[in-house]
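Visitor: First the structure, then my questions, so here it is.
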C-alpha cells in the first residue's frame, strides 16, 4: 500500500481521498473553504512509487507549464486535494483530457497528443502526416522554381547568340500569360465540387476589381500600369543577360526582396524590423562589391545597373499591387495575369514592330528565328510564374523563395563550364552577402519571439534533466531499503 495506516489500525487513505473529492459545481474559492482537508493532509503520506507517478501527473505538468514554471500555492493545494477531479492512480485518466494552448513553432513536431499510457493520439499522427506532405510538396516546388528560373535564364542567354532581340523575346513570352485563367479553370473543373461555367467563374473573379467588375476605366487604371511594370522587369532582366554573366544577373535580382521591404516600410508603413534593415544593407553592399569584382568596366556597370533596375521594377510591382489591389485569391490572380497578357497583345505589340523597322532589333528572315528557344523560354517562364503564384496552395511561401536563391549556384556551375567567368574572392563574397541578406528577409516577423521561446524551453528541459540526474544519483540502496520497509505514522 502506498498510504500509511493511522493509530486506529484502519487505513483511512481511501476515506480521505473520498472526503476531499467534491463535484465541480462546489469548487472552493478560498483556502478557508478547505481547511478541514488541509488539516488531514499532514496524516497523508504517499510512498516513493506513487511519487514517481505523480511526477508525470496533471498537477505537476501544470506547475511546470506556466510562463515561468511556477503556479500559486493556492492552485497547487486545490489540485492536490482533488477538487479538479484528478486521481493519479486512476487508470482511466489521460493527459489529452487537459486543454492546452496551440503548440508554438518549436513544439509543432513534438508528440503533444501522446496519451498517459505512452500511445500516440491518431490526431497527432494525422497532423504530422499533413505537415510531412506539405514539406515533400515544398521540396518539389523548390526544385521546380529553381530549375525553371535557372533554365529560363540559361536559355535566354543561348537564344541571344542567334536572336539578339531582348524586347521581342519579352513581348513573346508575356503573351503566354493569357493561358493563366484557362489553366486555372481546368484545375477548378477537375478539383472543385461545385462546378461553374466559364462565365460564372469569370464574373466571380471580376469582383476583385470592385463592384462594377472589369470596366474600361479599371482596365487602364488598375491593370495597364502593372502591364508596363511587368514588361520593364522582364526586358531589363533579359537585356542585362546580354551584358554580364547569368550568375551575376541571378544573384543581383535576389536584391528585389530587400527593395520590397524598403518600399513596404516607406509606402505601406509595414513593421520596422532591424534584421531586415541589416539584410537591405547587405544587399546594397553586395551590389557594390559585384560591380568592383569586374573592375568598374562600362560593360559590366551597365549590366549591373540594368539588373538592379529590373529588381526595382519587380519590387515596385509587388508593393503597388498590395497598395492598390490588396491580396488576391487564386482565381483572381489567374484572371489578373491573363489580363496582363491581353494588355501586352493589344498595346505592346507595336513596340517590337517599331524596333524591327528601325533595325534596333532586326532579323533577316523569320526562318532564322530560333522558335524552339523562344517557345522553350516562354514555357519555362510561364511555369515559374505559375508555381510562384499558386505553389502556396500546397506548401510554405518561404520554401518557394528559397528556390530562387538556389538558382544562383546552378547558374554558377553552368557558367563555369560554358563561359569564361572568373570567380575571384570579391565576386564570391558578394554572392554570399547577397544570398545571406535574402535569407534574412525570409525570417518571419515573430522570429525573435519564437527564438526566445525555444531557448527558454531548452533551458527548462536542461534543468529538468539535471534535476532528474541528481535525484537518480541520490537514490541509493538506503532509499530502496527505506521504501521496502513498511512505515507507520508516529
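Including glycine, each Cβ sits where the backbone N, Cα and C put it.
Heads up, TrEMBL stuff is auto-annotated, nobody curated it.
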Visitor: Among 135-156, 465-486, indicate the range for which TrEMBL gives the feature transmembrane segment.
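Guide: Per TrEMBL, the stretch marked transmembrane segment is 135-156.
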Visitor: Can you check which of 95-120, 173-198, 199-224 TrEMBL lists as region 'Disordered'?
Guide: 95-120
Visitor: Which range, 275-293, 370-388, 446-464, does TrEMBL list as transmembrane segment?
Guide: 275-293
Visitor: At least three Cβ pairs under 8 Å linking the transmembrane segment (275-293) and the transmembrane segment (426-443), pairs spaced 6 or more in sequence?
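Guide: These two segments touch.
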Visitor: Give me the stretch from 135-156, 168-187, 250-268, 299-321, 426-443 with the greatest number of Cβ pairs under 8 Å to the transmembrane segment (208-230).
Guide: 299-321
Visitor: Across the domain 'EamA' (137-291), what is the average pLDDT of the model, as a whole number?
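Guide: Overall, the domain 'EamA' (137-291) comes to a mean pLDDT of 90.
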Visitor: Taking contact to mean 3 or more CB pairs closer than 8 A (sequence separation of 6 or more), are the transmembrane segment (426-443) and the transmembrane segment (250-268) in contact?
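Guide: By the criterion, they touch.
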Visitor: Counting only pairs 6 or more apart in sequence, are there at least 3 Cβ pairs under 8 Å between the transmembrane segment (394-414) and the transmembrane segment (299-321)?
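Guide: Contact absent: fewer than 3 Cβ pairs fall under 8 Å.
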Visitor: Counting only residues 6+ away from its ends, which parts of the chain sit with a Cβ under 8 Å from the transmembrane segment (168-187)?
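Guide: Same-chain contacts beyond the ends: 156, 159, 198, 201-202, 205, 230-231, 234-235, 238, 330-331, 333-335, 337-338, 340-342, 344-345, 348-349, 351-352, 355-356, 361, 374, 377-379, 381-382, 385-386, 390.
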Visitor: Among 135-156, 250-268, 333-357, which stretch has the most Cβ pairs under 8 Å to the transmembrane segment (299-321)?
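Guide: Selected stretch: 250-268, with the most Cβ pairs under 8 Å.
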